[in-house]
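Peer 1: Take a look at what Swiss-Prot says about it:
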type     : residues                                                  : note
ACT_SITE : Asp90                                                     : active site, proton acceptor
BINDING  : Asp90, Ser91, Gly92, Gly93, Phe94, Asp144, Gln193, Gly220 : substrate binding site
REGION   : 251-257                                                   : region 'RNA binding'
ACT_SITE : Asp270                                                    : active site, nucleophile
REGION   : 275-279                                                   : region 'RNA binding'
BINDING  : Cys308, Cys310, Cys313, His339                            : Zn(2+) binding site
Amino acid sequence: MLNFELITTDGNARRGRVTLNHGVVETPIFMPVGTYGSVKAMSPLELNEIGAEIILGNTFHLWLRPGLDVVNTHEGLHRFIGWDKPILTDSGGFQVFSLGDLRKITEDGVTFASPVNGDKLFLSPEISMQIQRTLNSDIVMQFDECTPYEIEGRPATHEEAAKSMRMSLRWAKRSRDEFERLANPNALFGIVQGGMFEDLRDESLAGLSELDFHGFAIGGLSVGEPKEDMMRVLEHVAPRLPADKPHYLMGVGTPEDLVAGVAAGVDMFDCVMPTRNARNGWLFTRYGDVKIRNAAHRNDPRPLDESCACYTCRNFSRAYLHHLHRVGEILGARLNTIHNLHYYLQLMREVRESIEQHRFSDFRRQFASDRARGTR
C-alpha cells in the first residue's frame, strides 16, 4: 500500500506525504542506510530520537546473511531488526553488477559467485521480488541493471547504455508481474535508467510509466560520472516523472546534492555518506565540514555546530570528539554518526518548512552561503 499526497509545490520543489503500511513519511526525506539490517553505529532507539522516518535495507546482503529463513522466522525484517517504521529495500541489482568479472548477465538474470563463500548463485527479477516479499519491506525496488558510467575505462556509449536500459525495462515488467503474483501488499518502484543520455532516460521513463508503478526512482547516478553530468541528467529527468507519484534519487549524496535534488523535484534520498564519513571523522555542519581528526580541534571546547540540537552537540566538545577519533574509541563513531544523521534529517526538515512557506529559493541561497562560509 502506498498513498502519496502532494501538499504543495514551490517551483519544482515538492512538499509531500507518503503513507505506507508501517507509517507516514514526510517528504522531501533523507533515508539512512542500514545495509545489513543495521544503520552502522546507531540503535533503532537513536534513529527514532533523531527523527528518522524510513530506513533502507539491502536485499542482496540480507539474502546472503543472515538468510531468508532467519528473517522469515521473525515474520519479516521489521521484527528482526526492531524497527516498526517503514523500510525500503533495494533489489540487489546494484550489488550484483558491482561484482564485475565475478558475474554473468543473461536475459534470465545474473549468475555470480557469492562474495561470502564463493557459492554459485542466481538472481533474477522474480527471485528479487520473492526475497523482498519475505523481507516485507514497505517499498520494494524493481530488479534492474545499473548502467555503469565507465566500461573498460571509458564512458559507456549510447549503444551500450541503450542495451542496458532496455534490459532493465524488460526486467521491470517481470518484476511487476511477480510482485502482483505474490499479492505483495506493499509498494513497488520502477527505476529510470539510460546512463548519461537524455533520450534514453526519456525512453526508460515512458516504458516504466506504462507499468503503473507506485513510485519512480532515478538510478545510475553517482556512479563515477562528473558532477555536471549528474546534475544535467537529474534536472532533465526529475521534472518529467509523474507528478502524482513519489520521486526517489538513489545513492545521492552530499548536502548540496540533496538541496539541488529537491530543487529539481526529488522527494526521497539515500546515501551512505553521512554514516561512512562519520566513522572517518568527517562531519557535516551548517557552516561547512569539519575534519575532526585535524590537530586544530585538539583543545577546542566548542561543540561541532552551535546551531545543532543533536545529542552530540548538546553534550560534547570538538576536543573530546577529536580525542575519541585519535584513540579509536567506538563512542567516537557513534557520536559522529548521531550528529551527521541528525544534520541530514534537520536539513530536510528545514527544506520541507521552506517549501510550505514558498521560500525555498531564499532557503537555497542562504544554505549555500552558510555552507560556503566555513567553520570558524
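Quick reminder: no glycine exception, Cβ is built from N, Cα and C everywhere.
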Peer 1: Checking distant contacts: for the region 'RNA binding' (275-279), what same-chain residues at least six beyond its ends satisfy Cβ-Cβ under 8 A?
Peer 2: 32-33, 39-42, 333, 336-337, 339-341
Peer 1: With an 8 Å cut-off on Cβ distance to the Cys308, Cys310, Cys313, His339 Cβ center, who else from the chain surrounds the Zn(2+) site?
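Peer 2: Other same-chain residues near the Zn(2+) site: Pro303, Leu304, Asp305, Ala309, Tyr311, Thr312, Arg314, Ile338, His342, Tyr343.
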Peer 1: Compile a sequence-ordered list of residues in the same chain as Gly92 (substrate binding site), six or more apart from it, whose Cβ lies below 8 A from its Cβ; state 'none' when nothing qualifies.
Peer 2: Asn58, Thr59, Phe60, Trp63, Leu123, Ser128, Ile131, Phe143
Peer 1: Could you say which of the binding-site residues Gly93, Gly220 has its Cβ with the most other Cβ atoms inside 10 Å?
Peer 2: Gly220
Peer 1: So, three-state DSSP: helix, strand or coil for Ser91 (substrate binding site)?
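Peer 2: DSSP call for Ser91 (substrate binding site): coil, neither helix nor strand.
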Peer 1: I'd like the Cβ neighbour count for Asp90 (active site, proton acceptor), meaning other Cβ atoms within 10 Å of its Cβ, all protein chains included.
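Peer 2: Other Cβ atoms found within 10 Å: 32.
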Peer 1: At 10 angstroms around each C-beta, which of the binding-site residues Cys308, Cys310, Cys313 has the fewest other C-beta atoms nearby?
Peer 2: Cys308
Peer 1: DSSP says what for the region 'RNA binding' (251-257): how many helix, strand, coil residues?
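Peer 2: Secondary-structure composition of the region 'RNA binding' (251-257): 3 helix, 0 strand, 4 coil.
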